[in-house]
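Novice: This structure is in structure tokens; I'll ask about it shortly.
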Ligand SMILES: O=C(O)CCC(=O)C(=O)O
């Protein structure tokens with residue numbers, strides 16, 4: 001049974017990616033993506049053919065219309081209630097440069113802002129975190145209220161590439177830094193009330209490749225649907241310079257996590273661009 005589909009496709013509403021994708025050939029479902037037991041931290045588990053500016057077949061795009069020479073090869077990842085698109089959108093040298101700048105320029109939150117509250121107890125988060133965005137926005141999750149720092153040029157550069165590639169303009173970015181494979185993020189959904197309803201979340205990664213796992217809400221706690229094997233977890237490898245676009249309603253039905261991967265020794269920085277509403281205080 002075809003539990004989920006992974007296809008190369010253009011991102012809806014993206015007038016540029018059709019040209020850049022250079023083909024739109026459908027690929028077979030990749031069994032690694034449905035089997036979390038296989039290939040822990042295995043760089044082959046998503047394949048790297050989308051990376052480093054390598055495009056699919058087809059004519060080269062007119063140079064005047066592009067701000068970059070990378071040609072994203074989009075993969076559509078779909079399952080019941082899950083709708084995502086993934087592509088590497090930065091060349092290797094761009095991604096290297098951006099990663100260095102992020103490492104030099106970001107100043108992560110500390111103290112109370114680096115803790116979360118779970119069932120009334122406070123925990124230090126197993127990674128570093130900071131938020132940047134438009135003035136006067138706030139973002140509340142797990143008992144913490146984040147006020148974003150102002151945009152930095154390197155963040156605007158990434159945001160602009162995301163806009164060019166997807167057509168979406170984001171006003172807030174939550175940044176997570178994982179020192180190595182011991183740092184992680186637990187299973188959660190991005191469903192905070194500050195998020196504009198129906199808007200996608202654009203997750204861009206730099207540094208070490210890491211597994212990213214989606215699990216359907218009904219599969220949590222060993223529910224019967226899981227036992228029937230109908231909604232298995234979906235694992236993606238998020239690479240250096242890659243963009244995962246999580247479209248609605250993914251975050252309604254599916255939880256995601258970045259699990260521990262002890263074999264990963266290098267750092268990674270992930271940026272989730274979001275559309276945040278300005279909520280009046282109540
Ligand atoms: O680092 C990642 O890829 C995941 C980050 C994440 O889940 C989040 O910011 O909500």
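Every residue, even glycine, has its Cβ placed from backbone N, Cα and C.
Bear in mind that TrEMBL entries carry predicted annotations, made automatically and left uncurated.
Keep in mind that this is a model prediction, so the values were computed, not measured.
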Novice: Have a look through 132, 188, 216 and flag the one TrEMBL assigns to the 2-oxoglutarate site that 176, 178, 256, 268, 272, 274 belong to.
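Specialist: 2-oxoglutarate site check in TrEMBL: besides 176, 178, 256, 268, 272, 274, the record includes 188 out of 132, 188, 216.
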Novice: In TrEMBL, the residues 139, 140, 141 are said to bind substrate. Which of 85, 96, 97, 191 is said to bind at that same site?
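Specialist: Looking through 85, 96, 97, 191, the residue TrEMBL assigns to the substrate site is 191.
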Novice: Could you round the CA separation between residue 141 (substrate binding site) and residue 188 (2-oxoglutarate binding site) to a whole angstrom and send it over?
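Specialist: Spelling it out, the Cα of residue 141 (substrate binding site) and the Cα of residue 188 (2-oxoglutarate binding site) are 11 Å apart.
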Novice: Summarise the domain 'Fe2OG dioxygenase' (169-277) by DSSP state, stating how many residues are helix, strand and coil.
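Specialist: Secondary-structure breakdown of the domain 'Fe2OG dioxygenase' (169-277): 11 helix, 50 strand, 48 coil.
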Novice: How many other Cβ atoms sit within 10 Å of the Cβ of residue 141 (substrate binding site)?
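Specialist: Excluding its own Cβ, residue 141 (substrate binding site) sees 16 Cβ atoms within 10 Å.
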Novice: Using DSSP and collapsing to three states, where does residue 141 (substrate binding site) fall: helix, strand or coil?
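Specialist: Strand, per DSSP.
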Novice: May I ask which residues of the same chain, at least 6 positions away in sequence, place their Cβ under 8 angstroms from the Cβ of residue 140 (substrate binding site)?
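Specialist: 146, 192, 194 - these are the non-local Cβ neighbours of residue 140 (substrate binding site), listed in sequence order.
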